[in-house]
């Protein structure tokens, strides 16, 4: 038995890759230069740079890769380096549309000119606020107004001069009658030196106190004179309108003179910008049309019942003429690089704020328009995380629409119309932005399968790798990267043995000895924790022992479940044998993943066989505890038996296989070879050594295939054996293809070195069953027979006896036909 088991022993040097600190060309990281270049991501970086260089529509970039690869940091660095030589994009401003205020106008300026324009407008408005009151209090203005008034008064007097004499001669006097807010001239007769209204005279006449004939004469004269008065009154009204018009024209003329003088910097500063010129002209025209409001700034206003109240504030009156500076690139150099860590609709695409006035109504205007990071990134680059974006309502659809149409219209996201009010429709903004979306491969493929637009608007995928080849260059580059982390984190120097420990840990994370992980953020975290441990110990340099302690502490913080399971095994609550030999029973190995930590533990697998037609029964599947991959692995066992043992007889058996004490779901085919060994042991009735745990999947040819989590599985069984006492006969059998994946803990390697624990690697089921049973598996000879006493012989004989037993049972139950054949031969089959 010992000779058979010694054949497949894994060499000590293959159990772990080691880096001798003495082989590193430095003592501490102080002797190294910082790593400036991005390492380990040549494929992803090349794809990213390609996407950055493509100006065609749709060449936005999806950056994919597993977690902890530092994708965001790499993207930021690439963008910073790429954008240094590019031009700075335009500033964006919204201004009032004086014709249609619901549609604010967008103005574009060369970077830095937006704030200059806003400052110039603010200065202009300050000038209006300062100069206009002085203008309308100036002597020149007063003289102009007085001349108009005097001319009006003169013409009015001329109109009434001849009329007053006629009225007087006719025995009447002119009076002003109040009609609402207007006074109109009228005449009343003079009786006994006192003016008396005709209505009163009529009453007196009716009472006989005034002669009727005289009253009729007075009324006839009144009508004649009244017609002349009305004609003159109409002429006076026309004259008043003319005076008012001339007065307003004087106001406008004098205002425009000073307004144009104040607006010279605006008109001259942007002479070549036609849209700006039009806006300034429209602003001056609107001011002239609303001059009364401007004149009222700060002037007391007459209220009801003679009460006065303060005039309108300059802020209120001049509010429509200001500038909303939406995007200011005055302090930027090159295109913007914006990383939006909270991509809500408002943060990305902006909004239009609303305020409630004193009447309880919601109002808004162009100054309430706010831009988001997508708009601020116009002419540059926007970086977002896909998971964050798709969790926010409306974000993904709006982002796609903007990228497809190359424009965005700012609106408040209000799908349920909770803010029912007339909304603005600002002029849309043409967009030239390169969007970089960061995601895991799983999320990327899931979105791509359900959203056909992904391939149209994200034509470049930069896929970051989880590991890189472990060669001398990688060791050198990562050592320098460690120096970079030391500088950035202000850590103590790291000794060469600490660097070696970090690199070895990187190899373990990668899962292959010839590769090293590119999950550099994990290494950075370990460095921070090791630095803390070293400083607490009073050290000035971080050593390899501090790295080991940091790793152990990380495990301790998360492995409570592992310890509880181990306790259950140690006290016998979970049945695991590590000594002796049992027929149809074997120790399989399972990996438990807790997100950031995974560990392995053994699980007893048993098999029972008998006569029957059911074939191989997967008890987990029958109990709805088996995943699809595990079920597939079980079906492969039947294929193996048919290939090697059912070429000369029907395969008739009933075999049930179970993971004992398993009450949760099981998936994966890494135990299929283990289950096959239990099945072969049950059929051959040869016991399996319980000190050996097994992992590995199998195909129908009996080839043992590689699996994942090999280190965790070995270490899990080792811990069980160590707690019970290592005997030297215990160990783990793994697929030969997994040898290159081994990166075992030092205590496991040390136990193997001392001969108290073993690791076997096999390529075929025949090799494995020999190690487990200590008996030869056996190969068929030219006659198709297995060697006497071999495992395969015993299995073959057992399967033959099961087939014959089923046939005999059928004969006994159903009898024979006329030709001596079974009536229910098919049933026996």
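Glycine too: its Cβ is placed from the backbone N, Cα and C atoms.
TrEMBL does not curate its annotations; it predicts them automatically.
Here's what TrEMBL has on this protein:
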{"type": "COILED", "residues": "215-242", "note": "coiled coil"}
{"type": "DOMAIN", "residues": "580-775", "note": "domain 'Lon proteolytic'"}
{"type": "ACT_SITE", "residues": "670", "note": "active site"}
{"type": "ACT_SITE", "residues": "713", "note": "active site"}
Return only the integer: C-alpha distance in Å from residue 670 (active site) to residue 713 (active site).
11
Which whole-number mean pLDDT does the model give the domain 'Lon proteolytic' (580-775)?
87
Under 8 Å by Cβ from residue 713 (active site), same chain, sequence gap 6 or more:
589, 590, 591, 600, 693, 695, 732, 734
Over all shown protein chains, what is the count of other CB atoms within 10 A of the CB belonging to residue 670 (active site)?
27
